[in-house]
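Student: Once you've had a glance at the structure underneath, I'll fire off some questions.
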Amino acid sequence: MNSIKNVPARVLSRRPGHSLEAEREQFDKTQAISISKAINSQEAPVKEKHARRIILGTHHEKGAFTFWSYAIGLPLSSSSILSWKFCHVLHKVLRDGHPNVLHDYQRYRSNIREIGDLWGHLRDQYGHLVNIYTKLLLTKISFHLKHPQFPAGLEVTDEVLEKAAGTDVNNIFQLTVEMFDYMDCELKLSESVFRQLNTAIAVSQMSSGQCRLAPLIQVIQDCSHLYHYTVKLMFKLHSCLPADTLQGHRDRFHEQFHSLKNFFRRASDMLYFKRLIQIPRLPEGPPNFLRASALAEHIKPVVVIPEEAPEEEEPENLIEISSAPPAGEPVVVADLFDQTFGPPNGSMKDDRDLQIENLKREVETLRAELEKIKMEAQRYISQLKGQVNGLEAELEEQRKQKQKALVDNEQLRHELAQLKALQLEGARNQGLREEAERKASATEARYSKLKEKHSELINTHAELLRKNADTAKQLTVTQQSQEEVARVKEQLAFQMEQAKRESEMKMEEQSDQLEKLKRELAARAGELARAQEALSRTEQSGSELSSRLDTLNAEKEALSGVVRQREAELLAAQSLVREKEEALSQEQQRSSQEKGELRGQLAEKESQEQGLRQKLLDEQLAVLRSAAAEAEAILQDAVSKLDDPLHLRCTSSPDYLVSRAQAALDSVSGLEQGHTQYLASSEDASALVAALTRFSHLAADTIVNGAATSHLAPTDPADRLMDTCRECGARALELVGQLQDQTVLPRAQPSLMRAPLQGILQLGQDLKPKSLDVRQEELGAMVDKEMAATSAAIEDAVRRIEDMMSQARHESSGVKLEVNERILNSCTDLMKAIRLLVMTSTSLQKEIVESGRGAATQQEFYAKNSRWTEGLISASKAVGWGATQLVESADKVVLHMGKYEELIVCSHEIAASTAQLVAASKVKANKNSPHLSRLQECSRTVNERAANVVASTKSGQEQIEDRDTMDFSGLSLIKLKKQEMETQVRVLELEKTLEAERVRLGELRKQHYVLAGGMGTPSEEEPSRPSPAPRSGATKKPPLAQKPSIAPRTDNQLDKKDGVYPAQLVNY
């Protein structure tokens, strides 16, 4: 825009003062000019000075209201370059504008999305970039609205980042994902821009290339901050979560890292960016998040924008002059002539000022009217778009109906063809064929109607599209005419000001330069003629503009009718609001009355609540008394068993007694806590009732097991144990009686139960059987020796099974070979599983020793935990012995010298032995140990392999045994009866033998558990079982003393004879 650099003082003295309204008008004018110059259809980058004025305007008015008021009227749908530069300005204003700009953008998100969708459906290079850029802007707006701690410029300190991320790992995880999405949108825009540009570096020096590259400056600024924040958040996530969980995050970060590094490298090589921005360099490789110290090596990338040289500002017009209406044309011509030769009197200056003011007011009026017309036209276009969308939806529905009609028509035609094929069947099908033909004709008629309707909708749609295009063209022509008028006004203003300056100079030198003025008369006359021609052209364009203005005024009248209709609807709505207000006042009166009633009901409820509270206290006390009475009955029953002669046959081990006494002693603490809570709040007795119930059961169990343990103990310890149990029962009954009395309940002392329970615990410890006769310093060596011997026994068993496999292949064939291979393969799998279990148990044992010995040596640790060590030795011996027995039984079965049942029993014994080894290893293992998890998995595998051995043995036994059918031919009734009686006799004999064997098995198990409980030496009848002395070094089976078990009941006779077998548990 042209402006006057040297303004005379007299003109400046006549300028009006800057009121608020004038300042606002000047601000709007400056913003409109900057927006129109920044966002245009020229393929050139946005000038920084125009964008800077728009950004300063947002800070001036603390928002972007003025910007959007002008930007919403831009014809963005007519030019993809215009839309691209519009997105660029949006990005700059969002980054550097006032913070309130973000909320103004939120209201126009739908407009931004519509622009992107519009150009996304068109095959245009800039249109594709506009679609991607709008997605980036929408993502940026959503992110900053959701996280207000991050400004639109993305520049925050590490403290603010830590505060925004918080301490919740879920929030950190989600924030990282959102930043990844943000970075993806930025990188996608940069990749799309580079994809459209030529690879030559010189492209960046062309205006078309610079137009595409200019927005990437903001992308570089955003990406540098996002990269730094994602690195920080990734390190924080790796400090809270395992590495496997974040594998997807690391892969996504590495992909973005390489894309960002490539983007920065390509941008650094372009000359266009070298003078505008200093791009940081990223490291050669991505950070190693698995190493926490790598965070100290991370360097924050910093983008530097060099200070620009101050651009020469385009001066603004100090005096704005518009074209005058047609009636004032002679006045303008006369003014130009008078400015050249001077006015005849001094009053013309005032007339010229008035004329300028009138022209300015008229131009402002026309401008306001034009803005209103443009807004109305935009609204009309929006309505047309809505109608087009509705018609398109209706057209789609008609297409669906047409498709459905075609399908129905095809089905009916198919039915008609079938009916025609069946025409020879008789007159019975004649009616059906006619009905099908009628349906087909009706369907065809409906199809033709739908086709006509479809054609009509297509024509309507095309007509609406033409109208929409005509309206857009009309608006474009109107805007071009307005710009032409503005240019003409600027030319006239410049010429008038130039003439005015020359006239003033002539007036000052008129006395001595009159002749010179006469010579210039002809030149001024020519200029006047040219000005008249320009004025006539302006008049013609003004007449055309006035005709278009009349058309728009007609549309304005129509819209005014719509406004009046809306005002009538508004009045009706206001009357409805008044009615609602009256109803609301009545409702408030009624609610005040109800409020008074509710207050009375509230007082009544409070009194009822007080009664219910007292009832609750009584009920809680009743529950406590009931629980105390039940506990008293349980304890009384336990105390009565101390003198019960029927209880003399019951026995228990000291180890079990110690475990029960310790549990009862631990329950005393819970009882004390529950008693304290009940005294603090009598409304809740649940804790005291639960603790009392647990204590009564555990105390009664301790008393009963103490008496049962005394039956196997020597006389003096047994008497002391019985006396202590009686004392414990008496104190427990006294405590329960105190809890039933409300007056004595606060003075009850549950801690008095600790002394008798500790006495029982100490006596149980004294009654435990002594350890094996092994020096404690030899235990560590014995453990390693026995584990090695077990591994060697298993390896030997595997080799023997392989030898048996090869021997069976040479000596057997057919079904026997198949059975033998199946049994030996299952035994081989079992041996491999046992070997893996022994290796895992050895690893777990070493882990236990290393974690538990502290500063002590390995031998000292084994000596300190001698019983656990003895358990490991016993378990390893059992596993080795079981493997040896399994191989021997399998050898006998293959050679047809043994029984299949021996192999089944050996499989069960191996499963029990491995369970014993697992139990011995789990005693001191950490529950979170990976070796313990693998040991348990190996134990389950051993059980599965043992079950496979049993299954293969049983199936092989059934396959080999002959199952001949009985031949009843030739037998008379007498012979059949005789054989039946003989079979019954045989069954009775076998049942008696089975019963005797079960009794013998029960006796053997009873003796076995007695010997295991006392750690005794096996009898001479079992030469294959070694002495428990560890110096023997034999791999025979040790006594199984680790698993508590009760002998099974065979029949009633066995119950009467032996009673209940005691449970023995050896603690390691």
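The backbone N, Cα and C atoms fix where each Cβ goes, glycine too.
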Student: For the record in Swiss-Prot, which of the ranges 751-808, 867-924 is the region 'Important for actin binding' one?
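Tutor: Comparing 751-808, 867-924 with Swiss-Prot, region 'Important for actin binding' matches 867-924.
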Student: Treating G and I as helix alongside H, and B as strand alongside E, what does DSSP give for the domain 'ENTH' (23-151) in helix, strand and coil?
Tutor: 98 helix, 0 strand, 31 coil
Student: Take the compositional bias 'Basic and acidic residues' (592-608) and count its residues per DSSP category (helix H/G/I, strand E/B, coil), listing them in that order.
Tutor: 17 helix, 0 strand, 0 coil
Student: Over the coiled coil (346-644), what is the model's average pLDDT?
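Tutor: Taking every residue in the coiled coil (346-644) and averaging pLDDT yields 74.
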Student: Using DSSP, how many residues of the region 'Important for actin binding' (867-924) fall into helix, strand and coil, respectively?
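Tutor: Result for the region 'Important for actin binding' (867-924), in helix, strand, coil order: 51 helix, 0 strand, 7 coil.
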